[in-house]
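What follows is a short report on a single structure.
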Amino acid sequence: MTTDIKTAHAPDLQAVAMAAGAMFMVGTLAAVSDVIQDYPLYGGQAIRYAVAALVLFATANAMDAKRAREAGRRTRALNRMNRSRVLSPLSGAVNAGDSSHRTGAKSDRRILSVGPNGADQARVNAALLARDLSGQTQANDAGQARVDAARPAQGLSGQTHANADGRAYTDAAPGGRNGDVRVRLTARDRVLLVLLSLTGLVIFNICVIESARHAGPALVGTVLGTVPLALALCAPIPAMLSRVRPTPPSRRILIAAAVVVAGATLATGLGSGTPAALLWALGALVCEVCFSLLALPLLPKLGAIRVSAYSSALAVPSLLVLGVVFDGSGILRVPTLAEALGLGYLALIVTTGFLLWYSALPRLGPGKAGLFAGMIPVGAIGTGVVLGLGVPSVADLAGAALVIVGILLGLRPERGVVQ
């Protein structure tokens, strides 16, 4: 007899909060970029990513040092435990010797009469003890090796999760048994980091700023609002590149993505501007998709902090070269107070928004995580209100509500059938 049992898998609420916060922050970029539109484009972005990279690497090194100290304490505790186990046979041998001595000389003579002489007995005892100690140490090492092999990989925070495909991953770079947190980058890792930096950071921000210059933040916010649908459709690509059988997006995720796109369009309107503004906005859309998909193969090995740090650092020389080519000696200047605040805020988005997004992305999967891109126009509207750029209309509020409905629809617990 077969019984169908419905099982529900609740969403990861922490990952949901991180993804929503990250995309809301990205939505504020368009409005804040309006504040620094008179500052040299490439020089300003170089400053932004240089500051972010310094903060991220300092954070990663501090967490590495903390993890190394914790690993050292665990190693010392393990060594003490092993020594206590190894010394226990010695204690038993001493006790046995004392008991034999108390039985009297007659017993001693009887034992010696059937055994080797005293010198030979000492050598035999030493050999047996060495064998026991060696076997004890090897057994402990083998047991620890089995424990290390069975234990899930742990990151700097020691947390192991399962992503949307059920595969384990860590929220930070894994380290060795003795606290060695050094990670060697392969040629493939370097290529992915360079592509991630160029598309997701350098070209993306250029596209956003240029589109906002031509048509204001509404158009680019609307186009970026289609990211949920784009990510849902492109979600199988990383699996295909890794030679893993891809899982097609579910119908519910596609419907939810369409609802989010409709809400984003209603919230910001289609906007107005030139064809150039639309092309810049479409370029930002492509870069936003690359920002997520190119990071997925790197996150299990490097973790969210180092992926953000490496990509930010790699963006700086690219932006400086572009600045020298297009702006010449005017690549940098002393910013005004408003520009300094704007640049500082953009650096904050890099450090905070990147960490939130890259921490949530593998836990939710690109399909579900992409739904939160609908928060981008919501963030743009909210920032516009704070900066005095406009008051949200009824359509803005209705669109924001529709975005939330679409996100909730996509996050409904998935039900499976167990026979």
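Positions of Cβ are set from backbone N, Cα and C atoms, glycine also.
Here the structure is a predicted model, which means the values were calculated and not measured.
Among the features that TrEMBL reports, transmembrane segment is placed at 12-33, 45-63, 191-212, 218-241, 253-271, 277-300, 307-326, 338-358, 370-388, 394-411. Annotation source TrEMBL lists domain 'EamA' at 277-409.
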Field: Integer average pLDDT (0 to 100) for the domain 'EamA' (277-409)
entry: 87
- prompt: In the domain 'EamA' (277-409), how many residues does DSSP call helix, how many strand, and how many coil?
  reply: 116 helix, 0 strand, 17 coil
- line: Long-range CB partners for the transmembrane segment (12-33) (under 8 A, at least six residues beyond its ends), listed in sequence order, are 161, 205, 208-209, 212, 217, 220-221, 224, 342, 345-346, 349, 352-354, 356-357, 359-361, 363-364, 369, 372-384, 387, 389, 407, 411
- request: With pairs restricted to those 6 or more apart in sequence, evaluate whether the transmembrane segment (45-63) and the transmembrane segment (307-326) have 3+ C-beta pairs under 8 Å.
  value: yes
- request: Please give the sequence-distant neighbours of the transmembrane segment (191-212): residues at least 6 beyond its ends with Cβ less than 8 Å from one of its Cβ atoms.
  value: 29-30, 33-34, 37, 41, 45, 49, 185, 219-220, 223, 273, 276-278, 280-281, 283-284, 286-288, 290-292, 294-295, 297-298, 307, 310-312, 314-315, 318-319, 322
Message: Applying the under-8 angstroms CB criterion, which one of 277-300, 307-326, 370-388, 394-411 scores highest with the transmembrane segment (338-358)?
response: 307-326
Task: Mind checking which residues of the chain, 6+ beyond the ends of the transmembrane segment (370-388), have their Cβ under 8 Å from one of its Cβ atoms?
output: 16, 19-20, 22-28, 30-32, 34-35, 217-218, 221-222, 224-225, 227-232, 235, 253, 256-257, 260-261, 263-264, 267-268, 288, 292, 360, 396, 399-400, 403, 406-407, 410-411
- prompt: Taking residues 6+ outside the transmembrane segment (277-300), which of them lie with a CB under 8 Å of any CB in it?
  reply: 169-170, 189, 192-193, 195-196, 199-201, 203-204, 207-208, 210-211, 214-215, 219-220, 222-224, 226-227, 230-231, 234, 237-238, 241-242, 271, 307, 357-358, 361-362, 366, 369-370, 373
